[in-house]
Amino acid sequence: MSEKMQAIMKTKPAYGAELVEVEVPKPGPGEVLIKVLATSICGTDLHIYEWNEWAQSRIKPPQIMGHEVAGEVVEVGPGVDTLQEGDYISVETHIVCGKCYACKHNRYHVCQNTKIFGVDMNGVFAEYAIVPAKNAWKNPKNMPPEYATLQEPLGNAVDTVLAGPIAGRSTLITGAGPLGLLGIAVAKASGAYPVIVSEPSEFRRELAKKVGADYVINPFEEDPVKAVMDITNGAGVEVFLEFSGAPKALEQGLKATTPGGRVSLLGLFPREVTVDFNNLIIFKALEVHGITGRHLWETWYTVSSLIQSGKLNLDPVITHKYRGFDRFEEAFELMRAGKTGKVVFFPHKG
Ligand SMILES: NC(=O)C1=CN([C@@H]2O[C@H](COP(=O)(O)OP(=O)(O)OC[C@H]3O[C@@H](n4cnc5c(N)ncnc54)[C@H](O)[C@@H]3O)[C@@H](O)[C@H]2O)C=CC1
Ligand SMILES: CC(=O)[C@H](N)C(=O)O
Ligand SMILES: [Zn+2]
Ligand SMILES: [Zn+2]
């Protein structure tokens with residue numbers, strides 16, 4: 001007998017999504033079925049919801065949205081010997097080939113054939129979801145689902161913040177959206193000081209302070225470079241972490257970084273950006289990192305340990321919690337308006 005479940009589905013190639021009732025799927029070979037305990041909205045889900053150019057080129061409706069998740073394995077498909085019923089898991093969203101040049105060099109985070117869970121296939125904004133077993137990450141039973149679902153984006157933040165030494169280092173974070181806020185939490189837990197955050201939204205500057213930022217700056221009202229120089233007695237910051245994707249923030253951050261400092265770039269720019277390489281990077285001997293995805297699986301161990309240490313201040317980052325999906329449109333619109341940190345759904349109402 002088949003069972004039904006609720007799911008947020010991208011039903012049409014247009015703005016928005018629909019709450020639909022569909023059959024609970026059966027896991028195929030190499031797959032497990034999970035009961036979704038918590039699932040959170042990523043900026044990528046927002047792009048799919050808005051149906052921007054990238055989404056139009058990549059998503060094939062009808063498709064269940066969502067990829068950040070914590071869930072319990074309720075059925076195991078044929079050939080799966082790494083998981084069993086009752087396991088409590090999250091999911092690495094990058095499904096890598098294991099065969100390409102990058103994979104053969106253990107650089108799975110830049111696999112040339114990466115498929116993305118919840119982007120290139122059905123995802124987890126549903127009461128139950130199919131997960132490829134090889135991408136499951138087992139959680140300790142006592143980790144709250146609302147934290148466990150954040151591990152995937154936390155992995156982006158961890159790889160950005162911990163791409164070089166951070167303890168005791170002055171740090172500038174540009175952009176306090178959901179990822180920048182997670183970055184602040186990781187930087188503070190890792191001993192960065194002072195953590196200076198540049199963010200135009202007052203709501204998000206307040207969140208940044210709650211997460212632990214030592215100084216917050218509105219870059220639309222004061223010059224972040226001057227503010228950083230004042231705070232650091234003219235030295236500039238040792239570490240610049242870019243989480244906004246704003247070209248102006250990149251320029252300001254490079255100017256505010258001390259010569260010989262470290263720059264880690266996660267934010268994605270809307271277009272090509274022009275940078276004065278000679279004066280802002282080469283003659284300053286900056287160490288510059290591009291950050292993408294998560295190192296498999298080192299980053300997951302770090303994220304899990306940081307959460308279990310109790311040192312990550314995640315509660316202020318989670319601004320909205322919804323039981324069930326009934327109000328999903330409100331959640332997406334609030335996020336679009338920049339009036340949220342992380343938004344978490346608990347699909348089962350009981
Ligand atoms: N490299 C990767 O693997 C990944 C990159 N990303 C990118 O990371 C970035 C952050 O993601 P979210 O927090 O979800 O995005 P978001 O768009 O919610 O946050 C960006 C924040 O930057 C702020 N901002 C805008 N102009 C600014 C300026 N001039 N100076 C300082 N802050 C400014 C905005 O007010 C906003 O709060 C995005 O660009 C996203 O596309 C996201 C996931 C993975
Ligand atoms: C595409 C995504 O949103 C994903 N979180 C990622 O890390 O690539
Ligand atoms: Zn994502
Ligand atoms: Zn590969």
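Backbone N, Cα and C atoms are what each Cβ position is placed from, and that goes for glycine too.
Bear in mind that TrEMBL entries carry predicted annotations, made automatically and left uncurated.
Binding of Zn(2+) 2 is annotated in TrEMBL for CYS97, CYS100, CYS103; the matching candidate from CYS42, CYS111 at the same site is CYS111.
Binding of NAD(+) is annotated in TrEMBL for GLU199, ARG204, LEU266, GLY267, LEU268, ILE291, THR292; the matching candidate from LEU172, LEU179, LEU314 at the same site is LEU179.
Using the Cβ center of CYS97, CYS100, CYS103, CYS111 for Zn(2+) 2, the list of other same-chain residues with Cβ within 8 Å runs, in sequence order, VAL96, GLY98, LYS99, TYR101, ALA102, LYS104, TYR108, GLN112, ASN113, THR114. Within the set of recorded positions THR44, HIS67, CYS100, the entry lying nearest in space to LEU179 (NAD(+) binding site) is THR44 (CA atoms). Using CA atoms as reference points, the recorded positions THR44, GLU68, ARG204, ILE291 were checked against CYS100 (Zn(2+) 2 binding site), and the closest is ILE291. Within 10 Å of the C-beta atom of CYS97 (Zn(2+) 2 binding site) sit 14 other C-beta atoms, taking all shown protein chains into account. Between ILE291 (NAD(+) binding site) and CYS111 (Zn(2+) 2 binding site), the C-alpha separation comes to 14 Å. The shortest Cα-Cα distance between LEU266 (NAD(+) binding site) and any of the binding-site residues CYS42, GLU68, CYS97, CYS111 is the one to CYS42. Here the domain 'Enoyl reductase (ER)' (16-345) returns a mean pLDDT of 98 for the predicted model.
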